[in-house]
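Student: What TrEMBL records for B:25-48, B:63-88, B:109-135, B:147-171, B:183-205, B:234-252 is transmembrane segment. According to TrEMBL, the domain 'ABC transmembrane type-2' annotation covers B:27-259.
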Amino acid sequence: MTDLAIAANGLRKSYGDKLVLDGVDLAVPEGTIFSLLGPNGAGKTTAVKILSTLVGADAGEIRIGGHDLATAPQAVRAAIGVTGQFSAVDGLITGEENMLLMADLHHLSKREGRRVAAELLERFDLTEAAKKPASTYSGGMKRRLDIAMTLVGDPRIIFLDEPTTGLDPRSRHNMWQIIRELVSDGVTVFLTTQYLEEADELADRIAVLNDGRIAAEGTAEELKRLIPGGHVRLRFTDPAAYRSATGAFPGASGDDDSLSLRIPSDGSQRELRSLLDRLDSAGVEADELTVHTPDLDDVFFALTGSKVPAQPAQAMRPTVPNQPA
Amino acid sequence: MSSLSLAVRDSSTMLRRNLLHARRYPSLTLNLLLTPVMLLLLFVYIFGDTMSAGIGGGDRADYIAYLVPGLLLMTIGSTTIGTAVSVSNDMTEGIIARFRTMAIHRPSVLVGHVVGSVLQCVMSVVLVGAVAVAIGFRSTGATALEWLAAFGLLVLFATALTWIAVGMGLISPNAEAASNNAMPLIFLPLISSTFVPIASMPGWFQPIAEYQPFTPAIETLRGLLLGTEIGHNGWLAVAWCVGLTVLGYFWSTSKFNSDPK
């Protein structure tokens, strides 16, 4: 067995009579990206808060970087870096002053502190804004400054709580690139997200958290096998066209009210072509064609058999009309 | 690094952060200074004749002398309201959560606030004192040792009120609540011997006014600066300061160490 950067056993936490974490086990090998995937309110943030020593657990054993969290919290703190969901920057002072504050708290010498601060500001494209108060930064810039501050102490284990929530697509891709670079230096990353796509892009292993319990755990491929495949949705305005399309695809499920047809498909080029061919040979033209890849709702549907409350995850999914995702 | 030098280093880092805040956004501190300065001018120039007649028929200069020691301590009370507000504001910032997950000396976050606030108190006292001297306050009879003792008392008193204010800031969910919770710090001097002698108050109220923290400190400061009788007030003042400091320290650190919401 390789060394575990994060090991948790039977993690429990409740706030009042609300049970937030109900016996969570986690094992994250060193140098990997682990993603805790789940909707709002699943307990992701609470898990990060406990693992990063911010709040205490009601029960459970936790070892971070080889240190027992209950008996040696300062040793754990020395090994980790945390970027929470809400920006942990001091808005009243400048980006550079924030960085130097971190350098001072990590007891770097003045010269070393200035060097590290300048280097990280440069790396995260913040040199130009370095002399401006952090409160004037955009969401993406604040998040970058936040991560830059986390990296000052050169932590071996980094917790990122929903690092891309609220970012525009471009900033999101920048953030993904940043996270990938972190692991290439041998750092362990523990990341929470609401987006399956994000976990898929980044994580070596994914655990799905639902209602305070791990509903499933595995690689992205393993999880996807648990999920019913994607589908193509055809929508019609002409009831006659809808009826002939229904005839052409016996395996599809139709919705007579919205005149739409749901055809199982993995969204690959080959399957789409054969689908279009069949539409052509049936002589019908759909008014709209959308390709759906499995999303978080599908995962939850498959894993828990219950429909989770609609999450922003849905709106973020690439359901671009007439374009394979 | 030993734990003491860690504590000192982290605390001075936090102090620098707080002083940076105070320097960037001085308006809060300056606004709080207005209250004691306005009261000083109001009681001397508007109510001065009646007030000086009330304390035994002296002239305006006598009343200035009577008033200033209390107002200097009131300045400290007023400044520490700002401390409660800024601590409360600070706790809502994400950066505090970051500090909690770092291997730093934990109380340094609060110690930084306290030392910063005491320095601000000293500055405020100097400014209000300068206004007092400008309108005729003199303490030329005091020896250097008495001056030093007066300064020490002011610093001690500022430390005590600051720790209490930090606790008030920690239990307040927002700046408005902090400002309300800290009201006693500016209200107590009004019912002390700042403006009128305790003996002129209703009998049932005198014990309250006499033994609350401000009055012994005011009487001690009066004695040191103007040579009036100090009596048991010296010990009482020091006891209040030490007691409030210890109480405020344990209250604040236990609040800060408990899990954030």
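Keep in mind that glycine also has a Cβ here, set from the backbone N, Cα and C atoms.
Values in this document were obtained by computation on a predicted structure and should not be read as measured data.
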Student: Are the transmembrane segment (B:183-205) and the transmembrane segment (B:63-88) close, by which I mean at least 3 Cβ pairs under 8 Å that are 6+ residues apart in sequence?
Tutor: yes
Student: Near the transmembrane segment (B:25-48), which same-chain residues lie under 8 Å Cβ to Cβ, leaving out any that are not at least 6 residues past its ends?
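Tutor: Apart from its flanks, the transmembrane segment (B:25-48) reaches 60, 63-64, 67-68, 71-72, 74-75, 78-79, 81-82, 85-86, 120, 124, 127-128, 131-132, 135, 186, 195.
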Student: I need to check the long-range neighbours of the transmembrane segment (B:234-252): which residues 6 or more away from its ends have a CB within less than 8 Å of a CB in the stretch?
Tutor: 110, 153, 156-157, 159-167, 170, 211, 213, 216-217, 219-220, 223
